[in-house]
């Protein structure tokens with residue numbers, strides 16, 4: 001059912017009015033995009049988008065992503081007009097003010113109906129790829145009755161110019177994600193001015209070259225928009241709908257220029273726009289007939305949800321589907337017996353291999369995992385447990401060959417996690433977190449359960465040299481709020497870390513794993529679950545304690561060897577394995593004080609050992625402690641030579657400690 | 001002059017033999033690419049590349065970039081065979097061993113003829129864009145007599161799949177960089193296997209859509225390679241030469257498979273390859289006639305250089321050209337008089353504005369600067385001093401509209417700096433260092449003078465919210481070795497920082513600048529050059545010193561206000577402006593001890609104030625000091641409200657200090 005054109009015009013103008021008024025009130029924001037895309041968005045939300053404002057968390061809703069997140073007033077307007085409980089008009093009045101859910105950019109944790117946080121350009125569209133993957137994956141398991149929805153994106157020129165766009169559409173085109181439709185706000189304007197300033201690209205040809213279906217429309221002609229969307233719906237390939245629009249449409253003197261992009265229109269121009277649009281309602285008031293029209297569109301989604309409720313009610317898969325959408329692990333999930341087997345038969349393997357071993361069990365027990373790697377499957381050891389590839393022809397696969405697309409992979413993982421029903425993990429070399437750091441940050445901000453399997457985590461990777469050797473990476477990731485960074489020391493800790501990461505529903509995890517083999521440091525089956533405390537005492541001083549060695553990952557066994565040498569010399573030394581600093585920081589004071597007692601360095605010297613930057617380790621060693629690490633770029637050589645070169649050996653470390661003790 | 005085909009075959013096989021033997025000896029490395037591209041590289045280096053092995057730093061040489069840096073044995077073989085002083089055969093024997101310049105990936109600081117460090121995929125090609133920009137820019141100034149060369153790239157599927165490829169070729173296509181030619185090793189293989197696993201893209205169509213000229217050839221047919229290169233030479237657009245190759249060509253049982261990509265072939269297969277290739281020389285021995293053929297190709301470049309030497313000898317622009325290629329600033333360059341004017345008339349402006357003011361002077365005095373922004377020109381304040389745009393039609397411009405391409409911009413800046421003769425600077429929001437961090441790291445590793453103008457450096461940007469507010473960014477950048485991070489507090493410090501950055505020939509700089517206005521804290525014209533020490537005492541305690549406040553950038557004036565309040569309460573407080581921690585760390589002990597005396601906190605409390613993570617500030621406050629900052633994501637609201645919310649006010653900070661003092 002379509003509303004008549006006059007109604008549609010008013011509905012779209014309601015979006016324009018709210019957008020320009022809210023930006024004006026805040027004296028900050030971006031009116032141009034919402035005004036330019038108001039007509040397209042009105043058709044999409046009014047007639048196509050499958051959603052029910054009364055049930056924003058309905059599992060089978062279409063996902064809508066405003067990739068051009070700076071145009072946030074578009075989605076705030078749509079949510080309000082369509083009848084979501086929030087934002088209220090008061091929230092919109094307080095656009096960009098402290099405490100309003102109508103933040104400068106849309107935040108998934110502030111409003112239902114905002115499927116993901118956008119603003120960092122290009123990432124919304126790339127997350128949508130992950131949502132579309134999750135949808136097809138769940139569809140393969142649960143069928144059309146339960147899972148049958150689309151992913152819609154509104155994106156601007158910025159989203160398309162960013163490098164991640166190439167990765168995202170390459171992946172979507174290859175995987176033939178036909179239920180993903182991108183509405184491109186083709187307005188020829190960026191912040192700096194005309195797109196001619198910086199690009200000469202034929203975007204439609206590029207999308208076609210990448211396996212997409214492309215259709216165009218006049219973004220201000222409702223009929224033409226409908227025709228284009230219908231064409232997009234009929235394609236088996238993902239679709240780009242190039243919507244030719246005028247930025248700031250409705251602002252008589254500024255429309256079509258970058259002046260409308262990122263600044264309020266000003267009171268005079270808003271008055272002129274009201275006249276132009278024939279909109280005479282006061283700011284933040286929506287005429288009742290317009291609101292009624294908008295609210296009437298909700299019936300479509302409500303009916304669909306009612307039918308879906310009928311289908312799921314007695315569906316045999318209902319408990320499993322609901323468990324997965326709730327993000328709960330199966331009640332009987334546990335790695336305890338696997339860990340017990342490790343205790344019984346200690347193994348010297350790389351932690352990347354230990355991760356593969358753990359994944360073998362995890363992937364068998366948890367059908368919701370979807371793994372992958374950015375073209376380093378054999379190096380990241382991410383394919384385990386017999387899972388096969390997720391492809392255009394086989395949606396039942398649970399392994400994604402992401403290609404050489406680290407950023408696209410990480411963003412897709414965010415999209416999958418946000419969609420729900422699946423738990424994504426994916427790998428690359430730790431040093432290449434630099435390629436996807438912006439997405440890892442969004443994992444943390446959005447509180448998604450994305451698990452990053454980052455191998456080759458130090459100079460221990462050896463010959464590939466400084467471009468491939470992380471130095472600052474582990475510490476710099478530890479700085480990102482709400483991100484768990486885990487650097488396990490052996491098979492047992494690796495398994496424990498995996499279990500923690502899987503149980504963290506609102507925090508992403510980076511697992512930093514070695515290329516090189518490591519001896520198993522945990523063999524006491526009576527002591528379990530230690531990694532959950534973030535740090536724990538792995539070895540207690542035998543002589544009177546004079547030293548506490550704090551190490552992570554591949555340096556834990558080195559710390560044990562140093563401690564053994566100290567004990568030989570009559571110096572008692574604890575060894576603390578600090579698997580995850582963030583989890584340790586969350587422990588109670590008594591636990592922390594027991595592990596790292598607050599006594600002067602002359603009594604007990606604290607020493608950190610990590611094969612990376614020493615920057616920031618003061619917080620655990622205290623100022624007068626000793627920090628062993630690498631504060632320069634690495635080098636190309638066999639790993640053993642590098643550990644020697646950079647002083648990460650017993651012979652190099654123990655004398656430094658003795659000097660400090662004797663000072 | 002072309003050598004006969006039999007000679008060319010032997011020359012190419014010399015590359016193959018060295019590559020497979022070196023990888024075998026190291027038991028580590030990537031033989032597949034060098035063997036697959038040996039024929040193409042032999043034509044390029046033997047017949048096209050303008051270079052003189054006896055003068056690797058000849059300013060008008062062609063630049064050659066091995067973007068697929070894992071195939072490093074290709075360039076080591078070529079350099080050795082062509083007659084460069086290094087690598088020697090001994091160096092090649094020691095491929096990937098400690099101390100050999102033949103590192104796992106090519107490093108520009110280890111070997112002449114390696115124009116840039118490659119290995120992180122996609123960045124080599126993107127740096128080549130910058131080299132091609134620098135060439136055209138210098139050509140516009142110095143003419144064909146002095147500057148008339150090309151930029152050649154060998155790239156693999158990985159380089160083309162990375163997101164940065166989209167940004168790089170978009171920029172190159174838009175700017176019509178016709179003197180850039182990319183030889184794509186089109187072998188259908190990635191690490192994980194066939195490219196079919198992860199991509200369905202029509203790469204040639206994508207390049208054409210982006211404004212490139214595309215030509216194909218059989219990468220194992222010398223005549224066809226020549227034809228393709230000749231076609232590329234004749235285009236005014238940048239060219240992609242799709243070279244159809246067989247990875248590992250010459251290895252009879254493994255060629256054409258990913259087995260040759262990243263592992264030694266093994267002794268048996270190497271023997272089989274020797275038989276296949278008819279190569280019977282011992283490992284690391286090159287038959288003299290093959291070496292003679294290779295060395296004979298050097299004549300072409302030697303002649304060209306000799307002619308060029310004739311042209312420059314009495315050229316009127318010679319001194320200026322040589323100054324610029326040496327990277328020296330003009331003898332009379334100084335911002336002293338500008339800084340004196342600031343002292344005379346203090347101004348309250350944002351440091352991004354202060355940067356624009358400084359740039360106004362710099363761009364007038366230094367014709368070698370090339371500025372730009374990733375579509376935030378008006379926000380980063382990077383266009384100053386009357387410079388106009390560098391475009392396809394006007395190469396005399398010195399401002400680049402990079403578009404929404406942060407990573408591509410940073411890589412292009414590296415390429416420009418590596419080319420020499422120009423000093424690139426470019427801007428985006430500080431939070432988007434996450435988008436280009438991998439290139440910033442390569443600036444540091446490669447020791448390039450790239451200057452990053454990163455504005456909106458804290459919650460002070462206000463309403464845009466957490467996606468746009470740096471929290472961990474300043475500290476995490478400070479962790480990168482050889483990178484200067486400067487956070488100036490006012491107009492004077494900003495000018496000082498610019499001058500330091502410009503004079504640093506082998507270190508890149510990140511300038512972290514505010515959106516919001518800041519009062520000028522430096523007004524004493526008798527004290528100059530303070531920022532060069534990294535930190536300095538801006539205010540001395542009036543009462544007996546009990547507190548040292550250490551602040552940066554926008555928090556320096558807050559520290560001054562806190563100090564004033566402390567003094568009112570009878571507590572003496574120094575204020576240290578820590579403009580650049582790295583430069584401070586390099587000062588002598590006496591200076592450091594004077595500023596931050598090593599006394600117990602009960603005597604003097606050290607307090608850091610920075611509107612970002614407190615992680616790592618222990619190193620300056622000591623463990624028992626106080627660290628004021630923000631250890632969570634930001635929020636959307638006017639800046640003033642956010643500073644209050646996050647406790648960055650005099651009222652919030654002073655009581656914490658008093659409590660600590662009275663504890």
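Along the chain as shown, the residues are counted starting at 1.
Placed from the backbone N, Cα and C atoms, the Cβ positions cover glycine too.
Please treat TrEMBL annotations as automatic predictions, because they have not gone through curation.
These figures come from a predicted structure and were not determined experimentally.
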Listed in TrEMBL for the Mg(2+) site shared with B:187, B:189, one of B:157, B:221:
B:157
If TrEMBL says B:70, B:119, B:120, B:121, B:158, B:187, B:432 bind thiamine diphosphate, which of B:261, B:315, B:361 does it name for the same site?
B:261
Going by the substrate site in TrEMBL, where B:30, B:261, B:379, B:456, B:464, B:468, B:515 are listed, which of the candidates B:237, B:352, B:405 is also part of it?
B:352
Neighbourhood of residue B:515 (substrate binding site), C-beta criterion under 8 angstroms, separation at least six:
B:350, B:352, B:379, B:455, B:456, B:457, B:460, B:461, B:462, B:639
Recorded substrate site residues B:30, B:261, B:352, B:379, B:456, B:464, B:468, B:515, farthest C-alpha pair in Å:
48
Give me the CA-CA distance between residue B:121 (thiamine diphosphate binding site) and residue B:157 (Mg(2+) binding site), in Å, as a whole number.
9
Residue B:157 (Mg(2+) binding site) and residue B:187 (thiamine diphosphate binding site), distance between Cα atoms, whole Å:
8
What subset of the recorded positions B:30, B:157, B:189, B:261, B:464, B:468 lies within 10 angstroms of residue B:432 (thiamine diphosphate binding site) at the C-alpha level?
B:468
Closest of B:120, B:157, B:158, B:261, B:468 to residue B:30 (site 'Important for catalytic activity'), Cα positions, binding-site residues only:
B:261
Among B:187, B:379, the one of these binding-site residues whose Cβ has the fewest neighbouring Cβ atoms within 10 Å:
B:379
Proximal residue to residue B:468 (substrate binding site) among binding-site residues B:70, B:119, B:157 (C-alpha distance):
B:119
Which of the three DSSP states, helix, strand or coil, fits residue B:432 (thiamine diphosphate binding site)?
helix
Nearest of the binding-site residues (B:119, B:120, B:157, B:158) to residue B:464 (substrate binding site), judged by Cα-Cα distance:
B:120
Checking B:30, B:189, B:261, B:352 - which of these recorded positions have a CB within less than 8 A of a chain A CB?
none
